[in-house]
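K.L.:
Before I ask anything, here is the structure I am working with.
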């Protein structure tokens, strides 16, 4: 579920032309690094497509690593050339230019997105105070690590989830100039070669990649993925390439060996990136242990090939549509995720439907429009004029309003918006409606209750339609969210369910129940952790062939593994004559889901229970040959 930051600014894009000779001492060459807007465009498109629907491009989140390589290269190129051309690195000037590039659009996106989200769905504002603080202080990644958030968790999408990579880059911008001053001092003072410096930087990147590989946990990937220390490989690879490219080692790009093999190497890099975007996935450990370093290396190859000489690759990357998108990639990055969330909540649809596709198209149109407005009227003016001059012009425009009434209206609107924003932040919920429902239902399921003694299971197989007091239900938060409906459809049912349960937890629960298991059992696990085929088979062995068993499959709009998980569940159910599959994935409609696109709403809980009831009826008819007539129950 990764994001690019697309934060290289005008200063970066106006670095010296790749084909120009070094500028004379004391005079900085100004030009344009050819093809990089096109690379930015391809990266941002990959990330946006992934966020529209992970199933469309499972590895699209790797676009963030493409951006990291570009940023590492551009920033290091600027620092090296500034030191070479002026004899110093102006830290204050560098950080001021970063602020001009990053802050204006960010200061618009955060309040506007919060206000619009509040009018659409309050659940989108859960944790928004922490998110806004992280966005405005470029500390999102560390705040979310402390919170225990998961970028790939579809159950609780956050309004500013994508800002984690902005934080990583800004932290890089703060620290890397200081590190480069030290490296350049070593180069001058002790004649340390560019090759040695590049090797040292590559070593930092390799260390970071190893840290990611070692710390990555599929069940809790936050530290490995969000950590600045674990996600430096792309930035360091780009920086090492810049050190080589801006020094004497650049001559190797004209060597016979490189020129002869260049088409094959570039082709291999393109194929590598394409395959990783298409087949890497957030639930594959190899994606993080190998995929991220691979896409970073492949990006470095394309970057070098694009800037070092004209050719087909550069021409393609400089196509006007790609250039247009690349120039606006920062704004697209900032806006796209809040827009996708807001549109998805405002117009609920089922994944895979035509309506789902059209809502995503609409989200893209809105994102591009907002990014273009941001680029034209916010980012470019501040970048060119600076904060002070832009502020003077805004104040001047305000004083030019022809009437005092118009000035009062503008000022009053701004004050009112600020007050409303403050009120929204203060009253933002701490938990989603889904979480509140689950907590209430967990307490309800765990509460002691007076029930009539359940019929004792005789040990003889019976496949007549079970009554509620003959059914045990074991499950995760999907069952928890459906407790009232299950009790309504199956009076006397016994429910053992808790949030975040895995199939392995289900096995423990079944083993603990032992011979007290009723003659009909419902199993519903795997929403968060997926299927565990051998564990499921072990559970079915424990239950035995003399009980009716219904396995409920999975549904989630934003989990790419769902189809594979459901295929596995279907296969396992087909292996045993006493097992049926309740096809929740096929039965659910958009209006049956809560804001997270996974858990059932009040009406969805009834669909969930009815789907289980139908599965028992089908299983009974299969074994007895007698049709089961199900009574229509009124639904809320």
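Positions of Cβ are set from backbone N, Cα and C atoms, glycine also.
Marked as compositional bias 'Low complexity' by TrEMBL: 1-18. Among the features that TrEMBL reports, domain 'Acyltransferase 3' is placed at 34-375. The region 'Disordered' annotation in TrEMBL covers 1-28, 443-462. What TrEMBL lists as transmembrane segment is 58-80, 101-120, 171-188, 195-216, 228-252, 264-281, 287-307, 409-428.
Where in this structure would I find these features, and how exposed are they?
P.N.:
If you take every residue in the domain 'Acyltransferase 3' (34-375) and average the pLDDT, you get 93.
Non-local neighbours of the transmembrane segment (171-188) in the same chain are 71-72, 75-76, 79-80, 83, 89, 91, 94-95, 98, 138, 194, 197, 200-201, 228, 232, 235, 239, 243; each lies 6+ residues outside the stretch with a CB under 8 Å from one of its CB atoms.
Within its own chain, the transmembrane segment (228-252) is flanked in space by residues 65-77, 80-81, 84, 141-142, 167-169, 171-172, 176, 183, 194-195, 197-199, 201-202, 204-206, 208-209, 211-212, 215, 258, 292-293, 296-297, 299-300, 303-304, 307-308, which lie at least six positions past its ends and keep a Cβ under 8 Å from the stretch.
Sequence-remote contacts of a segment are chain residues at least 6 beyond its ends whose Cβ falls under 8 Å from one of its Cβ atoms, and for the transmembrane segment (287-307) they are 18, 33-36, 38-39, 59, 62, 65-66, 68-70, 73, 205, 209, 212-213, 216, 221, 224-225, 231, 233-234, 237-238, 241, 245, 253, 262, 265-266, 268-270, 272-273, 276, 280-281, 313-314, 317.
Residues 111, 114-115, 118, 122, 125-129, 132, 398, 401 of the same chain lie 6+ residues outside the transmembrane segment (409-428) yet bring a C-beta within less than 8 angstroms of a C-beta in it.
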